[in-house]
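Asker: Pasting the relevant annotations from TrEMBL:
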BINDING   C103, C107, C110  [4Fe-4S] cluster binding site
DOMAIN    89-313  domain 'Radical SAM core'
MOD_RES   K315  N6-(pyridoxal phosphate)lysine
Amino acid sequence: MELWQERSRNSILCSDLVAQRFGLDSHALAQVVERYPMRITPHQFELIRQADDPLGCQVIPDPRELLDDSLLVDPLNEEQLSPVPHLVHRYPYRVLLLVAGSCFSYCRFCTRKRKVGCSSMSVSLGDILKGIDYIAEHPEVNEVILSGGDPLTMSDRLLDDVLARLSRIPHLQVVRIGSRAPVVMPERITDALCALLRRYQPVYFLTHFNHPREITEATVEACQRLVRSGVIVANQTVLLRGVNDNSETLFKLFHTLYRLQIRPYYLHQMDLTCGTSHFRTRLEDGIAIMDDLRGPLSGLAVPSYIVDLPGGHGKVPVTPDYVQRLGDHARLRAADGTLVDYPQS
Ligand code: SF4
């Protein structure tokens, strides 16, 4: 057994243990876990100082999850956009293939909270093969995003098999892997895994840091191993109340990622997922944060602030109104608020 598999086996699943360590009500915690399972990797558990600190509240169950029934169970309408099980076809040219039935840890704010840690998430090899067949039968699809769950919970052998099958589809040009492993299970980013990914270039690796404290010696090493192997690493962050909803935290996060050659790609407005409303921020807050970041932060380190619209309408950028259209010319708002005339032709 590899080190990461052993570490994964030692993940914290017992809510009593968490309640004891952080002085929480174990009965209340157990009730939440009954509906929304809990899983915390040893790496994360060691970094948490308090239940409500920016790392704790991402993974420790919160009774407020059960009070929120007003939002949507499947906010992105993924179930309706699945022509075959575990494949989501929302945009014409790319698909999401859900190849893994579990994650290393269960984020309390997850869009797929409805099934994370539940049997409905489990994926068989037969399901994966059906998804690959679907891609092969759709020549318009030129990109696939492997997600789940976390694709890196798969063994190298299975991942290799999936990537090899995908690489034989002539019209498929790019593979993207979405994984939180570098953040929560850095042991998973082994030299063998990097060598495997190198064989299937171009592979884009999309990871998910939400707070600067997640950037540790181990996570830096994991990301550097990926970067050295030629994989292009980008990051998506979810804007979370009480975790990272201020300019200072996000400046530090994005600047550090940029320095590590990890491109900050998206800042996501929280999806309208049932059980997560205590994490939600207002759009104005996100716009104000982005305003603060532009300028001090290098342009390459500024992510797009986006909303994935409910109902499966896709992602839209959220930008302040920089442009006033005035017939044949426009006026653009500078970072200091000055309006500058700008001819259109
Ligand atoms: S790792 Fe991703 S899919 Fe898994 S619980 Fe976290 S956000 Fe959801």
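One-based numbering along the chain as shown.
Note that Cβ sites are derived from N, Cα and C of the backbone, with glycine treated the same way.
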Asker: Which recorded positions of C103, C107, K315 contact ligand 1 in the sense of C-beta under 6 Å?
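Answerer: With ligand 1 as the reference and 6 Å as the Cβ limit, the list reads C103, C107.
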Asker: Could you tell me the C-alpha distance between C103 ([4Fe-4S] cluster binding site) and K315 (N6-(pyridoxal phosphate)lysine) in angstrom, no decimals?
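Answerer: Each residue's Cα considered, C103 ([4Fe-4S] cluster binding site) and K315 (N6-(pyridoxal phosphate)lysine) end up 24 Å apart.
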Asker: Looking only at C103, C107, C110, which of these binding-site residues has the biggest number of Cβ atoms within 10 Å around its Cβ?
Answerer: C103
